[in-house]
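According to TrEMBL:
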- K17: active site (ACT_SITE)
- D146: active site (ACT_SITE)
- P104, V105, A106, G107, G108, M109, A110, G111, G112, S113, A114: ATP binding site (BINDING)
- 76-154: domain 'GHMP kinase N-terminal' (DOMAIN)
- 213-288: domain 'GHMP kinase C-terminal' (DOMAIN)
Amino acid sequence: MPVQPAQRAVTVRVPAKVNVQLAVGAPRPDGFHDLANVFLAVGLYDHVTATPSPTPGVTVSCSGPGSELVPLDGGNLAVRAAEALAGHHGVAAAVHLHIEKDIPVAGGMAGGSADAAGALVACDALWGTGTSRAELLALCAELGSDVPFSLVGGAALGRGRGERLTELPVAGTFHWVFALADGGLSTPEVYRACDRLRGATPVPEPEADPALLAALRDGDAHALAAVLVNDLQPAAVELRPSLAATLAAGLAGGALAGLVSGSGPSCAFLVADAESAELVAKSLRASGTCRAARVTNGPAPGATTIGSHA
Ligand code: C5P
């Protein structure tokens, strides 16, 4: 009897991100906020493996805490991504997804978005559905505001709610230290707190800062440090006051600048080089103001298929 070839599993690697500029406009009628969102992908990765399975399912292993915050049902963004792709092509979502998480869970580093982008790319390869880049980006945008960037990686300006991307040129490598916190922060809650703190103050249209785009293009860490900004930071610090001490500890430890990453609670510190990254991380760990400190750099590539195996 001929031996059936084993069906293959596909593994896709997806990066975390930091927002080097997050300019937030007034709330829109649909509840979202228009943004000028400058994303930089960094080298902390989740791996999503798609394996053929008659019973769809998802399992998760985490390098850090927070696995209890990752849904194991249809609430998981990776599962929704697989279902959206299957629906798009009219095929069954007959897949088991395994997510190996190294991106901090609910940390403001787009871990859930990364998993969704990874699942799309992995399932597309597994099912041979040959989805075009434009279709993939449209599916990403339906899944969440940050998902298109997780697919693309590198550096990009996100307009609209962050899903309309223009890729940005970056010279060289920027070195970062991330201070990780216990527990997550809810993104909708942080946006609501941002609106509340602003009260009746008129909110300007969010615009990308030309000095920041130039700093990225020139690979100038000192210039970038001078203009890093996150409009969600006051809200994140209000909801998690201990972040003020974390931000101060990173600066005292020698970082060029620090800011809350996305909606938090991770804090990102830009440093001059790989050597100072180690020193700042050590100093953050010793400060007792964070759960852990991770050294990384960016830009990092977007969703990348790293293995296709039996
Ligand atoms: O798009 P995503 O599902 O990641 O958004 C999560 C939540 O974050 C939204 O429901 C909304 O409350 C908030 N958000 C926003 N404006 C954006 C992006 C997200 O208000 N541009």
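The backbone N, Cα and C atoms fix where each Cβ goes, and this holds for glycine too.
Those TrEMBL annotations? Automatic predictions, nothing curated.
On the structure: features taken from TrEMBL.
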residue : record           : DSSP (3 states)
K17     : active site      : strand
P104    : ATP binding site : coil
A110    : ATP binding site : coil
D146    : active site      : coil
Between A106 (ATP binding site) and K17 (active site), the C-alpha gap once rounded to whole angstrom: 13
Among P104, G108, G112, which are binding-site residues, the residue with the most C-beta atoms within 10 angstroms of its C-beta: G108
Inter-residue Cα distance where the pair is D146 (active site) and A114 (ATP binding site), in Å: 8
Between D146 (active site) and G112 (ATP binding site): CA-CA distance (Å): 9
Inter-residue Cα distance where the pair is K17 (active site) and G108 (ATP binding site), in Å: 8
Shortest C-alpha distance to K17 (active site) - which of the recorded positions P104, A110, D146: A110
Integer mean pLDDT for the domain 'GHMP kinase C-terminal' (213-288): 98
